[in-house]
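*Asks:* Quick one: the structure is below, questions incoming.
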């Protein structure tokens, strides 16, 4: 009997640009500002962008040391909890 076909690989999550680590949004809200430039070195805890939810601004910190590869959002965008905001490489 023929050997069973290998199982198809599970679909991968959307790839991060240049191997960057995704930074998810902790809450739903609106992007107020992007506070660092792509290509900038960031340290764990550095402010990278600001979200507004229910008239309160929330600072989004870098989750690790690295370089801000890119933002996945722009000022004025509405984001959902868990949506990727940026990539840090």
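Backbone N, Cα and C atoms are what each Cβ position is placed from, and that goes for glycine too.
Predicted automatically and left uncurated, TrEMBL annotations should be read as such.
When I checked TrEMBL for this same protein, it listed these features:
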- 1-26: region 'Disordered' (REGION)
- 1-14: compositional bias 'Pro residues' (COMPBIAS)
- 11-89: domain 'Lipoyl-binding' (DOMAIN)
*Asks:* In this predicted model, what is the average pLDDT of the domain 'Lipoyl-binding' (11-89)?
*Replies:* 92
*Asks:* DSSP says what for the domain 'Lipoyl-binding' (11-89): how many helix, strand, coil residues?
*Replies:* 3 helix, 38 strand, 38 coil
